[in-house]
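*Asks:* Copying in the features that Swiss-Prot gives for the protein in this structure:
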- K108: active site, schiff-base intermediate with DXP (ACT_SITE)
- G169, A195, G196, N217, S218: 1-deoxy-D-xylulose 5-phosphate binding site (BINDING)
Amino acid sequence: MNNNSSSLSIGNKLFKSRLLIGTGKYQTLNQMQESIINSECEIVTVAVRRVQSSESSHKGLMEAIDWKKLWMLPNTAGCTNSEEAIRIAKMGRELAKLSGQEDNNFVKLEVIPDNRYLLPDPFGTLEAAEALIKEGFVVMPYINADPLLAKRLENIGCSCVMPLGSAIGSAQGIRNESNIRIIIENSNVPVIVDAGIGVPSHAAEAMEMGADAVLINSAIALAKDPKSMAEGMCKGVHAGRKAFLAGRLVEQPLANPSSPCTEISKSSYVQ
């Protein structure tokens, strides 16, 4: 979408921050809280299945976040088919309401039957998206970097598309650059690069390409110093966005001197 607006528009909500972060994988809730603050994010994802399970790592998570300041993005992580994703999305909407966000219909849609590579199922994602949109959800689908699928999801009413930069948690950065560029160029909804971002330069690269936002979890939560990495990611996103808006110098194969070469004697050149 890459418009020049200072705000990120998703559904009927406007956000100043273009960095979304996840709440999983932190060693402690305190680390998560500090990282959220340093990231300056406004949207945090919550894995509905994990929050409602007995996993000790997620106990107290909902209470540790100030939902008056942050917008909850329930996600369907762990769902392997469309039926399961639809059910978990509805549970996520109720979870958001319980946190005080009565008008929150957001869902990050993940349908991942593949446990090894964690690649999203395009057919299951499309099927679930169609059903959830009919039920009033603001659907934010996680997809492979497939321009045709991205356009199809936009056309059925998804509020954004979230192509992966590379495999989840791989920290490989943007490995699907050409396809993501096509998605950005042809999209009329925000494009949020999700998965694979490992360092701030990866986040900056995504934003320089014209992505509207990035979503990051593992790179922050599993860093040696999560709160410092969160700050770095925040600055990377800002830098990349500014570079995109400024308009970068076009790459070219030959040198182009920054100082004039007029009135320089030919004899002064090194032979």
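Placed from the backbone N, Cα and C atoms, the Cβ positions cover glycine too.
Situate these features within the shown structure.
*Replies:* When Cβ atoms from all protein chains are considered, those within 10 Å of K108 (active site, schiff-base intermediate with DXP) total 28, not counting its own. Reduced to three states, the DSSP call for K108 (active site, schiff-base intermediate with DXP) is strand.
The Cβ neighbour count for G196 (1-deoxy-D-xylulose 5-phosphate binding site), using a 10 Å radius over every protein chain in view, is 24. When secondary structure is read from DSSP and collapsed to three states, G196 (1-deoxy-D-xylulose 5-phosphate binding site) falls in the coil class.
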*Asks:* Where's the emptiest Cβ shell within 10 Å among the binding-site residues N217, S218?
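*Replies:* Per-residue Cβ counts within 10 Å for the binding-site residues N217, S218 bottom out at S218.
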*Asks:* What is the separation, in Å, between the Cα atoms of A195 (1-deoxy-D-xylulose 5-phosphate binding site) and K108 (active site, schiff-base intermediate with DXP)?
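*Replies:* Between the Cα atoms of A195 (1-deoxy-D-xylulose 5-phosphate binding site) and K108 (active site, schiff-base intermediate with DXP), the distance comes to 13 Å.
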*Asks:* Starting from the Cβ centroid of G169, A195, G196, N217, S218, the recorded 1-deoxy-D-xylulose 5-phosphate site, name every other residue in that chain with its Cβ within 8 Å, sequence order please.
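*Replies:* Apart from G169, A195, G196, N217, S218, the close residues are A167, I168, S170, A171, D194, I197, G198, I216, A219.
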